[in-house]
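First, the structure itself, so that you have it in front of you.
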Amino acid sequence: MLKREMNIADYDAELWQAMEQEKVRQEEHIELIASENYTSPRVMQAQGSQLTNKYAEGYPGKRYYGGCEYVDIVEQLAIDRAKELFGADYANVQPHSGSQANFAVYTALLEPGDTVLGMNLAHGGHLTHGSPVNFSGKLYNIVPYGIDASGHIDYADLEKQAKEHKPKMIIGGFSAYSGVVDWAKMREIADSIGAYLFVDMAHVAGLVAAGVYPNPVPHAHVVTTTTHKTLAGPRGGLILAKGGSEELYKKLNSAVFPGGQGGPLMHVIAGKAVALKEAMEPEFKTYQQQVAKNAKAMVEVFLERGYKVVSGGTDNHLFLVDLVDKNLTGKEADAALGRANITVNKNSVPNDPKSPFVTSGIRVGTPAITRRGFKEAEAKELAGWMCDVLDSINDEAVIERIKGKVLDICARYPVYA
C-alpha cells in the first residue's frame, strides 16, 4: 500500500544525496547559462502532484481514455492562458520539449526533402534549425542564413537566399543572438516567395510575454517556445498560432499527437498552467525588464575591461563574449569560471576558428541571477569578477578569491528564501 509519508531520503540515500547536492550547487553557484532559470515552488508542486498518474492521449473533450474530466480542465486552463498571454488563437501545450514542438511544426508543414531557410548554428541558430546532426538537417534541404559584420541578422542576404532557393519555410529565432529580430521583415520576405514563416521564440518568450521584446505571434504562421528559460516554467514546449486555418491547427495537433508523442505529461502541463498565470502578474513584467537591464549592465563592464562582445551589445537577456583576441578558448573560460562557482557555457562565435567542442566564446544570460534579485549594481560587480578570472585564468588564488565573493553574494540572494 502506498503511504503519504513515503520519501526518497529514507528509501534511497544514494539518490537523495545527489539531489541534495544539486540543491546546494544551485544555491552556491551563480547561474549564467542563458537557457536556465529557477522555477517557482508552485510549478514544482504541480510537477510533483498526482497528475503524473493519469494517461490522457488526445485533447480536451476528445480523449482515448476515460477518467479525464479533471485533466481536461488542467489542460484547457493552460491552453487558454497561453493564448491570452501571447495573443494567439491556437495553442498546443502538449510538446514535451521545444525540440519536439519544432519537430511537430516541420511534420505539419513540410515533406522530407523540402527546402528550409534557417539561421546558421555558428551565427546563433539552434540545432533544430537545420544542423546536420539534428533531424532537421537530416530530413530537409537546409539553406543557412547568418549575421553581417556588425553582428546583426543580414536581412538583405536572407532575402537574396530566399529568392534564389525558394524555401517552403523560413525559420526565425535563435539560441545565441543578442539583437532584436524584425519579425515583420521576415514575414514580408516569406510572403514574397509564398513560404511559411515559423518562429522559434524559446529564448525570449518571457520577454515577449512581458512586452520587453517584440511578439512574433502576429507575424508568423506558427510560433514555438519552451516553457522554461525566460518564461521560468517547467521544462517543456508550446506551439502557438494566430490567424491560421482550422486545417493548419488540425495538422499541428496531429503532428504532436499521434505524430510525435503519445500521452501528454499532465503534471508538466499543470506546471505550464501555473507558470503562464504567473507570467500575467505585474511583477513578472518588472522581472523581465530587469533581466534586460542586467544584461546591458554586464555588457558595459565587459566592454570597459577590453573584451569583445558580439554585435557590440545586447537587446535581450543574453550576449556572447568573443575571446579570440584574448587567446582564450570558450572551454578554458567555462572551466575557470566554474571553479569560481560561476556557471556559463562555452559557445561558438561568428567565424570561430575552434571546434564546437572547444569554441572561442562564452554565452552569458541574466534570467537566473535576476530571479535571485540581482539588479544592475550586482550584475556589474559580477561581470567585473568574471573579467578578473578571465584576466588571470591560470591564477588559482584569484579564482579562490572570486569564489569567496560568489559564495557571499549567493548567501545574500538565495534562490529560494
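Backbone N, Cα and C define each Cβ position, glycine as well.
Look at Swiss-Prot and you will find K54, K250, K285, K354, K375 tagged as N6-acetyllysine, backed by sequence analysis. Here Swiss-Prot flags L121, G125, H126, L127, S355, P356, F357 as (6S)-5,6,7,8-tetrahydrofolate binding site. Summarising the annotation, Swiss-Prot assigns site 'Plays an important role in substrate specificity' to H228 and lists sequence analysis as the type of evidence. Among the features that Swiss-Prot reports, N6-(pyridoxal phosphate)lysine is placed at K229, with the record citing sequence analysis.
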Just give me the nearest neighbour of L121 ((6S)-5,6,7,8-tetrahydrofolate binding site) among the recorded positions K54, H228, K229, K250, K285, Cα to Cα.
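Closest recorded candidate to L121 ((6S)-5,6,7,8-tetrahydrofolate binding site) by Cα: K229.
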Across all chains shown, how many C-beta atoms besides its own are within 10 angstroms of the C-beta of the residue listed as 'N6-(pyridoxal phosphate)lysine'?
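Other Cβ atoms within 10 Å of the residue listed as 'N6-(pyridoxal phosphate)lysine': 28.
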Pairwise over L121, G125, H126, L127, S355, P356, F357, annotated as binding (6S)-5,6,7,8-tetrahydrofolate, what's the top Cα to Cα distance to the nearest Å?
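Farthest Cα pair among residues binding (6S)-5,6,7,8-tetrahydrofolate: 16 Å.
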Counting other CB atoms within 10 A of each CB, which of the modified residues K54, K285, K375 comes out lowest?
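Counting other Cβ atoms within 10 Å of each of the modified residues K54, K285, K375 gives the minimum at K375.
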Excluding near sequence neighbours, so keeping only residues 6 or more apart in the same chain, what lies with its CB under 8 A of H228 (site 'Plays an important role in substrate specificity')?
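Those within reach of H228 (site 'Plays an important role in substrate specificity'), by Cβ under 8 Å and sequence separation of 6 or more, are S35, E36, N37, T39, P234, R235, G236.
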How long is the line from the C-alpha of G125 ((6S)-5,6,7,8-tetrahydrofolate binding site) to the C-alpha of K229 (N6-(pyridoxal phosphate)lysine), rounded to the nearest angstrom?
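So the alpha carbons of G125 ((6S)-5,6,7,8-tetrahydrofolate binding site) and K229 (N6-(pyridoxal phosphate)lysine) sit roughly 16 Å from each other.
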Using DSSP and collapsing to three states, where does K354 (N6-acetyllysine) fall: helix, strand or coil?
coil
About how far apart, in whole Å, are the alpha carbons (Cα) of K54 (N6-acetyllysine) and K229 (N6-(pyridoxal phosphate)lysine)?
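Given the Cα positions, K54 (N6-acetyllysine) is 27 Å from K229 (N6-(pyridoxal phosphate)lysine).
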Measuring Cα to Cα, how many angstrom lie between P356 ((6S)-5,6,7,8-tetrahydrofolate binding site) and K229 (N6-(pyridoxal phosphate)lysine)?
22
